Amino acid sequence: MRILLAEPRGFCAGVDRAIAIVLKALEKFGPPIYVRHEIVHNRWVVEHLRNQGAVFVHELDEIPDGAVAIYSAHGVSKAVQAEGERRPLHILDATCPLVDKVHREAERLDHDHYQVLLIGHAGHPEVEGTMGQLQQARMKLISHPDDVAQLRLSNPQKVAYITQTTLSVDETRAMVAQLKARFPTIKEPAKEDICYATQNRQNAVKALAQASDLILVLGAPNSSNSNRLREVAEQHGCRAFLIENAKDVEIQWLEGVETLGITAGASAPEILVEELLAHLHAEQHQVELLSVTKEYLAFPLPLELRE
C-alpha cells in the first residue's frame with residue numbers, strides 16, 4: 001500500500017501558542033492552572049496538559065479567587081472578559097491572534113454603524129466568543145444558506161460580514177455569493193477571515209483526494225477544522241473518516257485500498273500521526289509526502305511568559 005502524508009497537517013501557529021501558554025504558565029506559576037474550556041479541541045492534548053496540572057472548567061465561576069486562569073484558543077465574549085477583570089484572577093489570554101483579528105474587525109464595523117453578519121457554526125466556542133463582542137442585536141449568525149433568505153435588516157445598505165476562522169473555504173464562498181446577491185453593497189473583510197492554516201490544510205486534502213482511495217483525518221469529533229477536512233475530502237470524491245487515534249481504524253476500511261491519504265486537523269498533535277503509521281506498519285509500505293505549501297508563521301507568547 002502507498003501512504004500519502006499531507007503537508008501541511010496538524011498544529012497551526014495559534015494552537016502551538018495556546019499549548020505553549022499553558023505549559024509556560026505551569027512552569028512559571030506551578031499547578032494548578034485553570035483553563036476555561038478545552039484549550040484546543042483535542043482529547044490527547046487536553047489529557048496531556050491535565051496530567052501536568054492543568055484543570056479544565058466550563059466557566060470562570062468554577063475557578064477559585066487568586067488562581068491563574070487561561071482563556072482557550074477559541075476566544076471569549078466581552079461578558080467573560082468583564083467577569084475575569086472583576087474577579088481576583090490572574091488572566092492569561094490564549095485566544096488565537098487570528099480569532100482576535102475577527103473580534104477587532106467586528107468592533108470596527110459596529111463603530112461604523114454596520115449591521116454585522118457572522119458566518120459560522122452555532123454553538124461553537126469561537127462563534128460564541130465572536131458573537132459576544134457586540135450587543136446581541138448588532139450581530140446576526142448565518143449558519144446555513146437558508147438563513148440568508150430569512151434575514152430581515154433595518155438598513156440593507158449598511159451591512160458587512162465576517163466569518164469563523166475554521167470553516168470550509170468552498171462552502172463559505174458559496175454562502176458569501178448568496179449574501180452578495182441579496183445585499184450587493186455588503187462590505188467584505190479587508191482580508192479573508194478563514195485562517196491560513198485552515199485553507200492550507202483543506203488545499204492539501206483536495207490534493208490527497210485526487211491521489212487516494214481513502215483518507216484518514218486525525219482530529220476530535222468536536223473540532224470544526226477537522227470535520228471540515230473530512231467533508232472536503234468527500235466533496236472531492238474520496239472516502240474519508242475522522243478518527244481520534246489509531247484505535248478508531250476499522251480494518252474493513254482498508255480493503256482494496258491501494259493509496260491511503262493521511263492528514264490531521266490543526267489541533268491534532270503529530271504523535272497521533274506517528275502512532276497511526278506504527279499501527280499500519282508503515283515500514284512495510286511506501287510512505288510519501290504530498291506537500292502543497294510550507295508554513296513558517298509563529299505567534300509570540302504573552303510578555304510575562306517570554307523567557
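Counting begins at 1 with the first residue displayed.
Keep in mind that glycine also has a Cβ here, set from the backbone N, Cα and C atoms.
Of all Cβ atoms in the shown protein chains, 25 besides its own fall within 10 Å of the Cβ of GLU126 (active site, proton donor). Annotation comment: Swiss-Prot describes GLU126 as active site, proton donor.
Taken from Swiss-Prot, the feature [4Fe-4S] cluster binding site covers CYS12, CYS96, CYS195, and the record attributes it to sequence analysis. Contacts of CYS195 ([4Fe-4S] cluster binding site) defined by a Cβ separation under 8 A and a same-chain sequence distance of 6+ are given as CYS12, GLY14, CYS96, LEU98, THR165, THR166, in order along the sequence.
Taken from Swiss-Prot, the feature dimethylallyl diphosphate binding site applies to HIS41, HIS74, HIS124, SER223, SER224, ASN225, SER267. When Cβ atoms from all protein chains are considered, those within 10 Å of SER223 (dimethylallyl diphosphate binding site) total 25, not counting its own. SER223 (dimethylallyl diphosphate binding site) falls outside any helix or strand according to DSSP and counts as coil.
Taken from Swiss-Prot, the feature isopentenyl diphosphate binding site covers HIS41, HIS74, HIS124, SER223, SER224, ASN225, SER267, and the record attributes it to sequence analysis.
Sequence-distant neighbours of SER267 (dimethylallyl diphosphate binding site): residues of the same chain at least 6 apart with a C-beta under 8 Å from its C-beta are PHE11, VAL15, VAL40, HIS41, ASN42, VAL45, GLY219, ALA220, SER223, ASN225, SER226. The annotation (2E)-4-hydroxy-3-methylbut-2-enyl diphosphate binding site is assigned in Swiss-Prot to HIS41, HIS74, HIS124, THR165, SER223, SER224, ASN225, SER267 on the grounds of sequence analysis.
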GLU126 (active site, proton donor): secondary structure state under DSSP, collapsed to three categories
helix
Same-chain residues at least 6 apart in sequence whose Cβ lies under 8 Å from HIS74 (dimethylallyl diphosphate binding site)
HIS37, THR95, CYS96, VAL99, HIS124, PRO125, GLU126, GLY129
Cβ atoms near HIS124 (dimethylallyl diphosphate binding site) (within 10 Å, other residues, all chains):
19
Collapsed DSSP category at HIS41 (dimethylallyl diphosphate binding site):
coil
Suppose we draw a 10 Å sphere around the Cβ of ASN225 (dimethylallyl diphosphate binding site). How many other Cβ atoms does it contain, all chains included?
26
Within 10 Å of the Cβ of HIS41 (dimethylallyl diphosphate binding site), how many other Cβ atoms are there?
29
